[in-house]
Amino acid sequence: MWDSILAALPLLFSPAVLLAMAGGTTIGVLIGALPGLSATMGIAVLIPLTFTMQPLVALGMMAGIYNGAMYGGAIPAILLRIPGTPAGIATVFDGHPMAQKGQGLEAMKIALTSSAIGGSVSALALLFLSPPLAAMALKFGPVEIFWLAIFGLAAIAVLLSDAPIKGLISACIGLVIGMVGIDSMTGNERFTFDVMELMGGIDILVLLTGLYAIPPALTLAQEALLLGRGGLGSSGRTRSGIGWRRLLPTWGRASIIGVVVGIIPGTGGNIAAMLSWNETRRVAKDKSRFGKGAPEGVAAAECANNADNAASLIPALTLGIPGSSVSAVILGGLLVHGMLPGPELFTRSAPVTYGFILAMLVTSVMLFVIGRLGARLFINVMYMPPLLLAPIIIALTTIGVYAINNSLFDVWLMLAFGVMGWGMERLGIPLAPAVLAVILGPVAESSLRRAMLIGHHQMGYLFSSTIAIVMVTLIVLTILVPLVRRLLAHYRGRPSKLALAADPERARRHMES
Amino acid sequence: MRQATLETGVALAGAVLSGWGLWHALSFTRDSAYLPTAVMGLLTLLLLVWGIRSAWALRQAGSDTLRFAPGHARRFLTLLATSIAMIAIAPSLGFATTFLLFVPLSGWLLGYRQGKWLVVTAILFSLLIYLIFQIVLDRPLPPEMALRLVTGS
C-alpha cells in the first residue's frame, strides 16, 4: 500500500491535478451554496467535460466538487435557513439561530473547519479501510458477487425511500435500462426496437447527466427561487467567544458517526448529520442550548456530513456497490476512465486509485483555505438568478453529452431521461436505485449466469458458501427494515430518528414542533 | 387535482406499458429472456400494487392536493420547449452560436428582465464553451455559424 501511495504522490502534486482539485473545490462550494443544486448534480454535469482529461485530473476535480459542495450547503443553511444540499438540514437547527444572533460568519467558520476535519478523517478511513476490504473481495466468486449486487440494490431501493415500493419500481426501471442493447453472452438484441444507436446499450453518462442534471435545472426555472438580500443582514461579526478546543469531542464523535453511516449503503450525509446532531445534544450537559444557536450543533452536523463523503466510496471502490447517488456518479466517472471497481482498482490501477483517495484528503485541506479566502464570494453566489442559471445548466449538459460520442441521439436521450427524472422526483420515486440498478444489473446478471454454468444449473449452488448465506440473510433483513421501522414508529407513536434523518422536510417540521 | 389521482394514473399507465414490455421480453431467445421477463413481470406487479394503493388512498379524505403556483407550469414548459429547439438547431448553427441565442432567449422567456446581464452572460458563456471544447479539449464539434459570419469564411 505504501509503495502505491508513494507512486501516487508525484501524480497528485502535478500542476494539472492541483489546479483541478482547487477548481473542483471552488466549483463544489459554489454549487452547494446554490439551493436546489447538489454535489451529485455538479459531478454529473462535469463528468462529460472530464472525458478527455487524464484520469487523476478528472478524479481530483470530482473529489473537490464532492467535498466542496457538502460544505457549500451550509452557507444558505446558516444565513437563509435554506439548506443548499439535503445534508445541510441539521446545520439549519443551530447555524441559523447563530446567524440571527449576529454570529453568521462565526457559524460559517465553524462549519468550514468542521467540514475540513470531517472530510480529512473520512479520506483517511477510505485510505486505510479500502485495501483490506478489497483484498477480502478477492475471495468472492460469481455467487457472492451476484448476492452482493442484489444486496446493494435491495439496500438502496428499500432504505432510500419512505415507500419501499417506489424504490423497487425505480430499481426495476434501472434494470430495464441496463438491459438495453446486445446481450454480451448470447449476442441477442434486447429492448433495442431496431434502433441502431441503442445496439451498444445506453451510456451510463447519458443516464447520469439526464437524471441528475436536468431535473434540478427544470426545477430551478419552474420554482424560480428568488432569494432576497434581507436574509444576509444577520451574518454580522458578533463573537460568541466559543473555544475551538471545546469542539474537539464533538468532531471526534461526529467523524466516527459520519464514517460508519457512510459505509452503510442506502444512507447519506443527511442521515449522518442528523444522527450526529442528535448524539451531540444527547451527551451535552445543557441540552436546552441546542436549536438556539449552539456552536457544537453546527460542528456536529457539518463534521458528520463531510465525514460521510469518502467513507461512502468504500463499498463503491472495493466491491463496486455504490452506497449513495454521489458514489454512483463517481463510480460512473471511474468507469468512464476505464477503471473497474473492485480489487483490481487497488492493484492494476493503484497509482490513480490511491491518487484519488489522497485527492479526497487534499481537497478537504484545500476546502479550509478556499472557504476562508472566498467566504464573501460564496455568500454572493446564493443570489445568482435561477432563471439565468437553468438554461446555462441545460446548455452545459447538452454540449457535454454531445462531446462524449458526437451523438445527437445521446442528447435527446439525456433530455428524455431528464424529463423522466423530473417526473419521478415529483412522484416521490427515488432516482438513486435506478442509477445503481443500471450499474449493478449487468454485474448481477453475468455473475448469475456464470454461477449457474459452474453449478450445472442447480439452484442450491447459489446458497453453497457462508458468504452467500450471510448476504442472503442481510438482504432479507434489509427488506424487513421498513416493516420494523413502521412497527416501531407505531409503537412509539412518533417517527424514529432515522426516519427523520431520511426526510429533511419532516425533520424540520418535527424540530420546529 | 389530488396527488393520489396523479399517482393512480401514472401507475396504471406504467403497468400497461410494463405489461407490453413483458410481452416483448417473452419474444427474446431463452437465455436472454430470463432476466428481462423477471424484471418486467416484477415491475408490472409493483406498478399494479402502487396503482391499487393510490386508488385506495383516493377513497380516503387525507390524500394531498397538488397545488401549482402561478407560472410554475409555464416556466417548466418554456424551458423544455426552448431546450428542444436548442438541441434541434445546434448541429446546424454550432453549439456556441446556439447558446448565444438560447441563454438570453430562455432567460427572457422565463421572466428574467435584466437585458444587460442576459447579453453579457450569453456572450461570456458561449466564449467559454468555445474555448473549452474547441480550443482546450479539441472536440470535433459542428462548425460555428457566428465564427463564419465574423470571419466571412
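Including glycine, each Cβ sits where the backbone N, Cα and C put it.
Now, the feature entries from TrEMBL:
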| type | residues | note |
| --- | --- | --- |
| DOMAIN | A:18-436 | domain 'DUF112' |
| TRANSMEM | A:29-49 | transmembrane segment |
| TRANSMEM | A:110-129 | transmembrane segment |
| TRANSMEM | A:141-161 | transmembrane segment |
| TRANSMEM | A:167-186 | transmembrane segment |
| TRANSMEM | A:198-218 | transmembrane segment |
| TRANSMEM | A:254-277 | transmembrane segment |
| TRANSMEM | A:316-340 | transmembrane segment |
| TRANSMEM | A:352-375 | transmembrane segment |
| TRANSMEM | A:387-405 | transmembrane segment |
| TRANSMEM | A:411-440 | transmembrane segment |
| TRANSMEM | A:461-484 | transmembrane segment |
Do at least three C-beta pairs under 8 angstroms join the transmembrane segment (A:254-277) to the transmembrane segment (A:141-161), pairs 6 or more apart in sequence? yes
The transmembrane segment (A:411-440) vs the transmembrane segment (A:316-340): three or more C-beta pairs under 8 Å (separation of 6 or more)? yes
How about the transmembrane segment (A:352-375) with the transmembrane segment (A:167-186) - do they touch, taking at least 3 C-beta pairs under 8 Å (6 or more apart in sequence) as contact? no
Do the transmembrane segment (A:167-186) and the transmembrane segment (A:316-340) come close, with at least three CB pairs under 8 A (pairs 6 or more apart in sequence)? no
